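If you look up Swiss-Prot, you'll see 66-71, 81-82, 87-88, 110, 145-146, 190, 200 marked as FMN binding site. Look at Swiss-Prot and you will find 71, 128, 132, 136, 196, 197, 198 tagged as substrate binding site.
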């Protein structure tokens, strides 16, 4: 960590969450809260601040985690994209719940989201897919994600095959690729403090708004 980053980290540790529990009301919007923190992470220069860990479980309760990129967030939830034949997709089809974790170390902040997961529409998936670079779209077709690969050359040859197949053409959305939305059932914000008496707030949805509670560190 650079000297400037250390100063920034020390300063942030002393801040804590800049709101008190008494000021938090059910109408407070944790999505807005999240977007403010994400923008701060972007402005700080953190590389890929939209990266997040997603944890899934098999029906037998065996967890697995991996890093993915957040591609959209709104009042409905948090959206990411993947191959529907991947391990995480198989987990989600059988056990449609997940936990997300954002960790912005320099800011000493993290956000945890837990919730139910659903596929987004094919139209939404296609809109994002067509916005990707051509190489990424070819890669989506070429990769049998999470399946055993004999050697890298096999993958290279599949890429070449699809480059030739789609040469001069639009690349369609594969049936096995698309997005998921994590619909939050809880959103927890954590702000590190130098004395280790960290600030923690957890939001949970009600029928119309959100409840919010402060948690012990």
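Positions of Cβ are set from backbone N, Cα and C atoms, glycine also.
Features recorded in Swiss-Prot, as mapped to the structure shown.
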residue	record	Cβ within 10 Å
66	FMN binding site	14
68	FMN binding site	16
70	FMN binding site	20
71	substrate binding site	13
81	FMN binding site	19
110	FMN binding site	18
128	substrate binding site	16
196	substrate binding site	8
198	substrate binding site	18
200	FMN binding site	16
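Checking Cα-Cα distances from residue 81 (FMN binding site) against the binding-site residues (71, 128, 132, 136, 197, 198) with a 10 Å cut-off leaves 71, 128, in sequence order. Comparing residue 68 (FMN binding site) with residue 136 (substrate binding site), their Cα atoms are 15 Å apart once rounded. Cβ neighbour count for residue 197 (substrate binding site): 10 (other Cβ atoms within 10 Å of its Cβ, all protein chains included). Around the Cβ of residue 132 (substrate binding site), the same chain contributes 140, each under 8 angstroms and 6 or more positions distant in sequence. Other Cβ atoms within 10 Å of the Cβ of residue 146 (FMN binding site), summed over all protein chains shown, number 15.
If you take the C-beta of residue 87 (FMN binding site) and look for same-chain residues 6 or more apart in sequence within under 8 angstroms, you find 56, 64, 146. Around the Cβ of residue 136 (substrate binding site), a 10 Å sphere holds 11 further Cβ atoms from the protein chains shown. The two recorded residues, residue 198 (substrate binding site) and residue 70 (FMN binding site), show a Cα separation of 26 Å. In the three-state DSSP classification, residue 200 (FMN binding site) falls within a strand. Residue 128 (substrate binding site) falls within a helix when secondary structure is assigned with DSSP.
Residue 70 (FMN binding site) carries neither a helix nor a strand DSSP state and counts as coil. Distances between the Cα of residue 70 (FMN binding site) and those of the binding-site residues 128, 196, 197 are shortest for 128.
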